[in-house]
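Asker: The structure that follows is given in the form of structure tokens.
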Amino acid sequence: MGYLQVFITSFLSISCVSIFMPNLVDAQLKTNFYAQTCPNVESIVRNVVNQKFKQTFVTIPAVLRLFFHDCFVEGCDASVIIASTAGNTAEKDHPDNLSLAGDGFDTVIKAKAAVDAIPSCKNKVSCADILALATRDVIQLSGGPGYAVELGRLDGLTSKSTNVGGKLPKPTFNLDQLNTMFASHAAHTVGFSHCDQFSNRIFNFNPKNPVDPSLNKTYAAQLEQMCPKNVDPRIAINMDPITPRAFDNVYFQNLQNGMGLFTSDQVLFTDQRSKGTVNLWASNSKVFETAFVNAMTKLGRVGVKTGKNGNIRIDCGAF
């Protein structure tokens with residue numbers, strides 16, 4: 001799951017703590033929402049995603065991360081896609097979002113154009129719903145499970161950089177911090193990371209142990225080679241060193257072997273409260289996939305905009 005994994009750090013955490021999550025309001029979302037207005041919307045979006053994937057594999061982690069970053073700030077309303085203007089710095093330009101790959105934005109924008117090219121669909125489908133559909137499609141392209149996507153979201157009316165701070169998990173979070181952050185959200189699985197996000201674990205963990213003792217020694221040595229001191233901060237490595245491009249449960253097996261890239265990954269195995277869940281998913285891929293689908297569905301319900309709280313954008317990047 002390597003490339004696919006910035007989405008997995010959070011998914012694993014989110015799904016693990018889904019036990020603590022309150023019931024989320026579905027805002028009247030339903031899988032056949034566009035049955036009368038744009039019945040072919042799913043196939044239209046899927047075709048665009050497939051074409052984009054053929055151009056670059058980065059489409060998969062890019063779309064996954066875009067969905068995750070969107071839903072965690074102001075809810076699943078495509079507010080992360082809005083471009084900044086002279087009078088407003090939008091969410092996408094917050095430091096925590098600058099690493100979002102352009103291929104994710106491009107996928108949604110192209111899918112929106114393809115949908116609106118159908119006369120009966122024009123201005124009927126929200127960018128938020130297109131992002132949700134594209135997310136399901138990239139998960140399947142990486143070998144993950146298919147699932148019915150609940151639809152009926154409207155696009156948000158605000159997007160401010162100032163709303164992002166503190167809404168996204170940090171690689172150094174412990175389980176309590178993850179539980180607090182994920183108390184009203186849900187899932188993810190797949191991606192890559194820049195070296196500066198975990199360098200403290202291999203060079204200056206603490207005065208007594210420069211290398212985090214919870215790290216597998218062989219893995220730590222590999223990380224030191226791939227991300228030496230003073231390396232270009234733009235260098236990125238796979239978060240799953242074993243199956244970097246496949247949706248599978250190897251990520252959890254890696255945690256069992258001390259090969260979680262972030263502290264927030266490894267703590268899911270070292271903390272007794274979540275260790276059982278990691279062991280279960282590491283040994284049973286079907287149970288993991290079921291948990292993943294449930295978590296993704298819950299995440300898609302977060303902060304949904306309806307009625308006067310949203311609209312359907314003509315341009316996903318502008319109000």
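Placed from the backbone N, Cα and C atoms, the Cβ positions cover glycine too.
The shown structure was predicted, so the numbers you read here are calculated from the model rather than taken from an experiment.
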Asker: Check for me: which candidate out of Cys16, Cys316 does TrEMBL give as the disulfide partner of Cys127?
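Answerer: Among Cys16, Cys316, the cysteine that TrEMBL links to Cys127 by a disulfide bond is Cys316.
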Asker: Identify the disulfide partner of Cys121 as annotated in TrEMBL; candidates are Cys38, Cys71, Cys195.
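Answerer: TrEMBL lists the disulfide between Cys121 and Cys38.
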Asker: Quick one: pull the CA-CA distance for Asp248 (Ca(2+) 2 binding site) versus Cys71 (disulfide bond), whole Å only.
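Answerer: Here the two Cα atoms lie 23 Å apart.
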Asker: Can you count the other CB atoms that lie within 10 A of the CB of Cys195 (disulfide bond)?
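Answerer: By my count, 19.
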Asker: Would you find the one among the disulfide-bonded residues Cys121, Cys127, Cys227 whose Cβ has the most company, meaning other Cβ atoms within 10 Å?
Answerer: Cys127
Asker: Are any of Cys38, Cys76, Cys121, Cys127, Cys195, Cys227 (the disulfide-bonded residues) within 10 Å of Asp240 (Ca(2+) 2 binding site) when you go C-alpha to C-alpha, and if so which?
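Answerer: Cα within 10 Å of Asp240 (Ca(2+) 2 binding site): none.
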Asker: Nearest to Cys38 (disulfide bond) by Cα distance: which of the disulfide-bonded residues Cys71, Cys76, Cys127, Cys195, Cys316 is it?
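Answerer: For Cys38 (disulfide bond), the closest Cα among Cys71, Cys76, Cys127, Cys195, Cys316 is found at Cys127.
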Asker: Do you know the mean pLDDT across the domain 'Plant heme peroxidase family profile' (28-319)?
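Answerer: Mean pLDDT across the domain 'Plant heme peroxidase family profile' (28-319) comes out at 90.
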